[in-house]
Amino acid sequence: MARKRFGQNFLHERGVIDRIVTAIDPQADDALIEIGPGHGALTDPLLARVNRLRVIEIDYDLIAALEARAIREPRLHVIAGDALTMDYAAIAAEAGAALRLVGNLPYNISSPLLFALLASAAPITDMHFMLQKEVVDRMVAREGDADYGRLSVAIAARASATALFDVGPGAFTPPPKVTSAVVRLVPRTPDFVIDDQPVFDRVIAAAFNQRRKTLRNALKNLLGADDIAACEIDPGLRAERVSPAAFARLANAAARHF
Ligand code: SAM
């Protein structure tokens, strides 16, 4: 039975599973981690490609079945617990390699998990996640796009994000209410400098909380119009037109006030 509180929508469509595995292109020695293996829709084809697969699952009924499986299949390593509070740096140290993460993520934990992973000290090569399409659209949007917002800028400051393909509700049991999409995230240092990450996050929150307002008004508690202009940004612009690099300049100016 699917448990709603664990965001369980199990993938059953073979074609979708194959496309995800092809996109990941797992190599035998990869330190591959699957978050939320469930009944193993992705686990089985991944296990066929790698020497060792670590899976993190929170639901004790599913863990019992996975552990029984791991006795027969020693390449499967089951980590029982909450993916939100795992020590990924310790897992990478134990694996002796940068992590590759994959998961058909429960929608209720996807944003906090992504930010925890992007902020973690663990070396991460890449991540392939199935998320709500609406979230993926916001992650990959650029300034001027309708979906551009706080999430787009926060992701751009930490990773390159590519939307790979959409997946309709019919690919899952039970079907979710919304369309999903698979995204590839590759952590990277952006080509702009952020002096103070919390201030950067505060500036983008303030700018997009009042997205119909101009920067001059939305940021008035953080920066004066002169400070904004000194960053070579028009204080009359709205946040939706401001690039991640320009937000970094604004945040660095704001950081100097604190
Ligand atoms: N990978 C399977 C599939 O594609 O059919 C299951 C996907 S289902 C959307 C999400 C899975 O994540 C479930 O197995 C659920 O129990 C597990 N899960 C939910 N919250 C979790 C958490 N905080 N940490 C680890 N696993 C979690």
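One is the number of the first residue shown, and numbering goes on along the chain from there.
Using N, Cα and C of the backbone, Cβ positions are placed for all residues, glycine too.
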ASN9, LEU11, GLY36, GLU57, ASP82 bind S-adenosyl-L-methionine per TrEMBL; candidate in ASN104, ASN108 listed for that same site: ASN104
Within the predicted model, mean pLDDT of the domain 'Ribosomal RNA adenine methylase transferase N-terminal' (16-189): 96
Maximal Cα-Cα distance (Å) across residues annotated as binding S-adenosyl-L-methionine, namely ASN9, LEU11, GLY36, GLU57, ASP82, ASN104: 20
Which of GLU57, ASP82, all binding-site residues, has a Cβ with the fewest other Cβ atoms inside 10 Å: ASP82
